[in-house]
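Novice: If you scroll down you'll find the structure; I have some questions about it.
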C-alpha cells in the first residue's frame with residue numbers, strides 16, 4: 001500500500017521494527033508501590049463517592065449517570081457572530097456534516113468526533129468556540145435583550161461570557177468578573193481572540209465587580225462547584241474529595257449569590273449555575289437563597305427542550321441528554337428593593 005511504501009522510503013518501517021523489538025523497561029518496586037497506592041486510593045474514593053450520591057439518586061439512575069459522567073465531556077461549536085461569517089454555517093454542515101442544535105438561540109453545531117481547532121479570519125477574530133451545549137442553554141435562561149447591562153461572575157475561562165456577547169448589541173455592556181489572576185488572564189485572551197477591538201470598550205474584565213445596588217439588568221452567577229465530571233477525569237483531583245466538600249462549597253456559593261444579587265436591578269433576572277450533580281449545591285441552595293436573601297426574589301420556572309425539571313430549577317444530565325452536561329440552573333427575578341429582614345420562601349415560584 002501507499003502507506004507501506006511511505007514507511008519504507010522514510011525509514012518509518014525500520015523505526016517501528018526497532019520499537020517492537022526494543023527490550024521493555026522493568027518497572028521499579030517504587031513505581032509498583034505508587035501504582036498500588038493510587039489504585040487503593042481510587043477504590044476507596046469510588047466507594048465513598050458512590051455511597052454519597054446514592055443518597056440523592058436511586059440505584060438505576062445513579063448507575064447510568066455515573067457511567068455517563070466518567071465519559072469525556074462533549075462539546076459543540078458556537079459560531080462567533082463577530083467573525084466573517086461568509087458561508088461558515090453552510091461550510092460546517094456540508095464539509096463536516098455537522099448538526100445544528102436548533103433549540104439554542106445562537107448558532108451551535110454538534111459533532112461526533114474531534115473537531116478542528118478554531119482559526120482567525122482576515123482580522124484575526126476566531127470563528128467558533130468549543131463548549132458544552134448545556135452552557136449555552138444556561139445563558140439562554142437570562143432572556144437577554146440587545147441593550148442589556150450584564151454581570152457574569154466567576155467568568156473564566158470565558159465560554160459563557162462569549163455566549164452572552166453573541167446576544168448583545170453595540171449598546172449592551174458586559175462586566176466579566178474573575179478573582180483568579182491566571183484565570184482572568186485566560187478570560188482576557190478569549191475576549192481578545194473573539195471580539196473586535198472596537199467593541200471591547202463595552203466589556204469590563206475585573207477582579208472584583210462593583211457591589212452597588214441596581215447596576216445590572218441580568219446577573220449570571222456561575223459559581224465554583226464540585227464539578228464531578230472534571231473530578232473523575234483527573235488523575236489526582238479525586239484525592240481531595242470528601243463527603244463534606246459539597247456542603248462546604250454550598251456555603252461559599254451562598255456568599256457569592258448574596259454579593260451578586262445586590263447589584264441586580266428591580267425586575268432584573270439572576271441565573272444561578274453549577275456544573276455539579278449535588279443537590280446541596282443545586283436545589284437546596286436555591287431554596288435557601290430564596291428564603292434568606294435580603295433582596296425579595298421570585299422563582300421563575302420554565303420548560304427547556306433538553307434536560308429535566310427539578311423542584312427549584314432545571315438540570316441537564318449526560319445520561320439522558322446525548323452526553324451534554326451536567327449543568328444545573330435556576331432563575332430568580334428581583335421583585336423589590338429590600339426584604340427588611342423578612343425571610344420567607346416565596347412559594348414554588350411562577351410557572352412560565
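Heads up, the Cβ atoms here are built off N, Cα and C, so glycines get one too.
Keep in mind it's a predicted model, so treat the numbers as computed, not measured.
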Novice: Taking 105, 217, 222 as the options, which does TrEMBL list with 154, 155, 156, 157, 158, 159, 160, 178 at the S-adenosyl-L-methionine site?
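Specialist: TrEMBL names 222 for this S-adenosyl-L-methionine site.
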Novice: For residue 156 (S-adenosyl-L-methionine binding site), write down the residues of its own chain that are at least 6 apart in sequence and whose Cβ falls under 8 Å from its Cβ; none is a fine answer.
Specialist: 178, 180, 183, 184, 186, 187
Novice: May I have the list of same-chain residues other than 154, 155, 156, 157, 158, 159, 160, 178, 222 whose Cβ is within 8 Å of the Cβ centroid of the recorded S-adenosyl-L-methionine site, in sequence order?
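Specialist: Not counting the recorded site residues, we get 152, 161, 176, 183, 187.
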Novice: Measure from the CA atom of residue 275 (active site, nucleophile) to the CA atom of residue 158 (S-adenosyl-L-methionine binding site) and give the result in Å, rounded to a whole number.
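Specialist: Distance (Cα to Cα, whole Å): 15 Å.
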Novice: Just name the most isolated of the binding-site residues 154, 222, going by other Cβ atoms within 10 Å of its Cβ.
Specialist: 154
